[in-house]
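Some features that TrEMBL has for this protein:
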- Lys22: active site, charge relay system (ACT_SITE)
- Thr67: active site, charge relay system (ACT_SITE)
- His263: active site, charge relay system (ACT_SITE)
- Thr67, Asn261: O2 binding site (BINDING)
- Thr67, Asp68, Phe169, Arg186, Val234, Gln235, Asn261: 5-hydroxyisourate binding site (BINDING)
- Thr67, Asp68, Phe169, Arg186, Val234, Gln235, Asn261: urate binding site (BINDING)
Amino acid sequence: QTESYVARRMSEVVLKEQRYGKDRVRLIKVIRTGKWHEIIELTVRVLLEGDFETSYTHGDNSKVIATDTMKNTVYILAKKTANIKCIELFAAEIGKHFVDTYSHVTKTNVLITKHRWTRMLVDGKLHDHSFARDGEETRIAEVLVKRDKVEIKSGLKGLLVLKTTGSAFYGFHRDQYTTLPEATDRILSTVIDATWTYSISGPNAINKIPYCTIFDSIRKLTLDTFATDDSVSVQATLYLMAKRILETHKEVTSVSYALPNKHCFAFDLERFGLKNSGADADIYVPFEDPSGLITATVERVKSKL
């Protein structure tokens, strides 16, 4: 009886949630207009949700859409689409394909990363078919497609920035464990990760949002604020960035930032008879780890009825 009870208790488990798909689908599309070429490099992840439970619980693969099929679908849609430049719309197109094609798929999660290429300047002119990788910054779009709803989140990742003045950090809490000196003027450097969500009234409204224009504007607002704000802390600068975005773009409902503090400390040259502190500091050592990490989400206040 004890063994039977134990066996019964062990069998009382359920599959709480599940999703599966294809990750790191890499592609480059060349768009040719005569001699003038453009390139779009993307990394795509597709994850499906739906009636796949028995593949986990009973080893029944009859409803499983092979991840290789998902990879092929991405390439085929990339060939056919007119939306390849706008990754939000391309991601929505991929998601809609799987929901519309397979009745047992209830949700498609699509994440697209767009890699940054810059056209070369040769003899003072933009070259028609040559490009250079412009840093590790990427643009992202994360789209969830359901049968009656589309949710879109956009963002940028890996934007490395630094300013040599216009940043301070003082007046912070001090106790017996505090050794950090207060700074009224310091180097401020960070790698900006930002995401923002859109207000979408329905599936047909996704084509009415100027995603690329908004992305360019948010990137500029972020850089302009970072450069010009007389920062008293990373937290205060972060909030100002997000506030300006929400004030500028009514389509955006919330903005999230993650800003690691890329510390640069003046190297001690006093032992060599050289001044390298305060106004005399000009030799610094960048430190990767450990680093501060400041994150926040700022959202638009919902109007009360």
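From the backbone N, Cα and C atoms, a Cβ is placed for every residue, glycine too.
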Candidate recorded positions Lys22, Arg186, Val234, Gln235, pick with smallest Cα gap to Asn261 (O2 binding site): Val234
Minimum Cα separation from His263 (active site, charge relay system), reported as the residue among recorded positions Lys22, Thr67, Asp68, Phe169, Gln235 that achieves it: Phe169
Spatial separation of Phe169 (5-hydroxyisourate binding site) from Thr67 (active site, charge relay system) - C-alpha basis, Å: 50
Distant-in-sequence Cβ neighbours of Gln235 (5-hydroxyisourate binding site), under 8 Å, six or more positions away: Ile294, Ala296
Inter-residue C-alpha distance, Lys22 (active site, charge relay system) and Val234 (5-hydroxyisourate binding site) (nearest angstrom): 37
Cα-Cα distance, maximum over Thr67, Asp68, Phe169, Arg186, Val234, Gln235, Asn261, record's 5-hydroxyisourate binders, Å: 52
Densest Cβ neighbourhood among Lys22, Asp68 (recorded positions), 10 Å radius: Lys22
Number of Cβ atoms other than its own within 10 Å, given for Asn261 (O2 binding site): 17
Under 8 Å by Cβ from Phe169 (5-hydroxyisourate binding site), counting only residues of that chain that are 6 or more apart: Glu182, Ala183, Arg186, Val232, Ser233
Residue among the recorded positions Arg186, His263 whose Cβ has the most other Cβ atoms within 10 Å: Arg186
List of residues, in chain order, with Cβ under 8 A from that of Val234 (5-hydroxyisourate binding site) and at least 6 apart: Leu188, Thr190, Leu259, Asn261, Gly292, Ile294
